[in-house]
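Asker: What follows is a single structure, and I will ask about it in a moment.
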Amino acid sequence: MDLDFDQKHVWHPYTSTQAPLPCYPVTHAEGVYLTLEDGRQLVDGMSSWWSTIHGYNHPMLNEAAKSQIDKMAHVMFGGITHQPAVELCRKLVAISPEPLQHVFLADSGSVAVEVSLKMALQYWHARGEQRPKFLTVRHGYHGDTFAAMSVTDPDNSMHSLYKGFLPEHIFADSPQCGFFDEWDESDVDDFRTKLIAHHTELAAVILEPIVQGAGGMRIYHPNFLKRVRELCDEYGVLLIADEIATGFGRTGKLFACEHAGISPDIMCVGKALTGGYMTLSATLTTTHVANTVCGGEAGCFMHGPTFMGNPLACAVANASLDLLANGHWQKQVKQIENQLAEQLPAIGQLPAVKAVRWLGAIGVVELYQPVDMAKIQKTFVDMGVWIRPFGTLVYIMPPFIISQQELRQLTSAIKAAVS
Ligand SMILES: *Cc1c(COP(=O)(O)O)cnc(C)c1O
């Protein structure tokens, strides 16, 4: 592979063209292993940004893509429909919280978030109310497009860079009570205060249920989410659950909202939807929201991506949901959680470590100091694992199929690197 060309001309996520860190060339991937060009095999702790839940090169997912591509790779979704999309939406409605009955397919997580925010805005517009604001909690992450960025944590550089262009929304303190901590009712005070102060101008509350991902890898108490639902009901504000990172079993429930027994008005899914094969996302909502949106001035929902409902992506998503439907993921994720509960506390004792936390197939080691990315990345690769930290956070979200021994390789590598 021409790594020199890569360094000079290929822009990677969040990297500089002037001082690019080296990238590792991967030639193929199988199960939980990534194979580098030089033949080294790495145990994947990232699931390619939390998406490859069934592992790489899965025979059923491959077969779904192959058989669909011989029928049609793509067809427009305006005025045309097809079996893979209909089947996928049927499955999504069946497994989602009961009130969510309408599915809007989109092309990436960020777009699913844009769609959810637009739905909420159109909902209030149709009701003749001016509600231009969103309320969220700090340390959230909802994507890199503009509206998604505007509800992402304001203390990373994204907000200051685009100030003046980015809409300004309302941020409440993030939940402090951890998932396994004793619940403290005051945790929701700031959220309640801000909701009460602003509810007449709020279109919706948007947050990641139970686990805040890229905004800080924080795992919070289900009662926080319960209170948020109750307060949204009490003050007549829509609730958007961004399940893009948490959906499809990652937290030990199919959707993280289930930990709190709540149902949102709008729900975004993405990442693991196709088992990490292709980009696809969906925004689901209730009949009440959908009908209100479509009963408004526009008479429809104003969105329609070119590659909406891409048949190839839908076919793979169907195969991925079929794999989830066999239920093995529950045992696998529980097994991962148990092992993390056993192995992470020892890492928590190391002097460089501020905290460790885990839930389902998510393990987080928070350090006092940000990591030296190039150095730690090389250390991990030399130890035969693929773990990509950010800032002070070294975390793993492995494919659900990982074995106990492979997971131990990941936790041992973290322990050694952090030591
Ligand atoms: C990754 C992520 C997104 C954005 O998804 P993309 O596919 O990267 O656009 C949005 N919300 C959450 C919670 C995410 O983890």
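One is the number of the first residue shown, and numbering goes on along the chain from there.
Placed from the backbone N, Cα and C atoms, the Cβ positions cover glycine too.
Feature annotation from TrEMBL assigns substrate binding site to TRP49, TYR141, LYS271, GLY304, ARG388. The pyridoxal 5'-phosphate binding site annotation in TrEMBL covers GLY109, SER110, ASP242, PRO305, THR306. Residues annotated as N6-(pyridoxal phosphate)lysine in TrEMBL: LYS271.
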Asker: Which of these binding-site residues has the least crowded Cβ, counting other Cβ atoms within 10 Å: SER110, THR306?
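Answerer: Each of the binding-site residues SER110, THR306 was scored; lowest Cβ tally within 10 Å is THR306.
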Asker: If you draw a 10 Å sphere on the Cβ of TRP49 (substrate binding site), how many other Cβ atoms land inside?
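Answerer: Around the Cβ of TRP49 (substrate binding site), 16 other Cβ atoms lie within 10 Å.
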Asker: Mind checking which of GLY109, GLY304, PRO305 has the fewest other CB atoms within 10 A of its CB? They're the binding-site residues.
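Answerer: Least crowded of the binding-site residues GLY109, GLY304, PRO305, by Cβ count within 10 Å, is GLY304.
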Asker: Kindly point out which of the binding-site residues GLY109, SER110, ASP242, GLY304, PRO305, ARG388 have a C-beta less than 6 Å from some atom of ligand 1.
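Answerer: Cβ under 6 Å from ligand 1: GLY109, SER110, ASP242.
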Asker: Measuring CB to CB from ASP242 (pyridoxal 5'-phosphate binding site), give everything in the same chain under 8 Å that is also at least six residues away in sequence.
Answerer: VAL113, SER116, GLY140, HIS142, ILE206, LEU207, GLU208, PRO209, CYS268
Asker: For the binding-site residues LYS271, ARG388, which one has the sparsest Cβ surroundings, going by other Cβ atoms within 10 Å?
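Answerer: Least crowded of the binding-site residues LYS271, ARG388, by Cβ count within 10 Å, is ARG388.
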Asker: If I take the alpha carbons of GLY304 (substrate binding site) and GLY109 (pyridoxal 5'-phosphate binding site), what is the distance between them in whole Å?
Answerer: 15
Asker: To the nearest whole angstrom, state the Cα distance for the pair THR306 (pyridoxal 5'-phosphate binding site) and TRP49 (substrate binding site).
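Answerer: One finds 24 Å between the Cα atoms of these residues.
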Asker: Report, in whole Å, the straight Cα-to-Cα distance of TYR141 (substrate binding site) from SER110 (pyridoxal 5'-phosphate binding site).
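Answerer: About 10 Å separate the Cα atoms of these two residues.
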Asker: For the substrate site made of TRP49, TYR141, LYS271, GLY304, ARG388, how many Å separate the two farthest Cα atoms?
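Answerer: The two farthest binding residues have Cα atoms 34 Å apart.
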Asker: How many other Cβ atoms sit within 10 Å of the Cβ of TYR141 (substrate binding site)?
Answerer: 24
Asker: Measuring Cα to Cα, how many angstrom lie between PRO305 (pyridoxal 5'-phosphate binding site) and TYR141 (substrate binding site)?
Answerer: 22
Asker: Could you state the CA-to-CA distance between GLY109 (pyridoxal 5'-phosphate binding site) and LYS271 (substrate binding site) to the nearest Å?
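Answerer: Cα-Cα, rounded: 7 Å.
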Asker: Look up GLY109 (pyridoxal 5'-phosphate binding site) in the DSSP assignment and reduce it to helix, strand or coil.
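Answerer: SS state of GLY109 (pyridoxal 5'-phosphate binding site) = helix.
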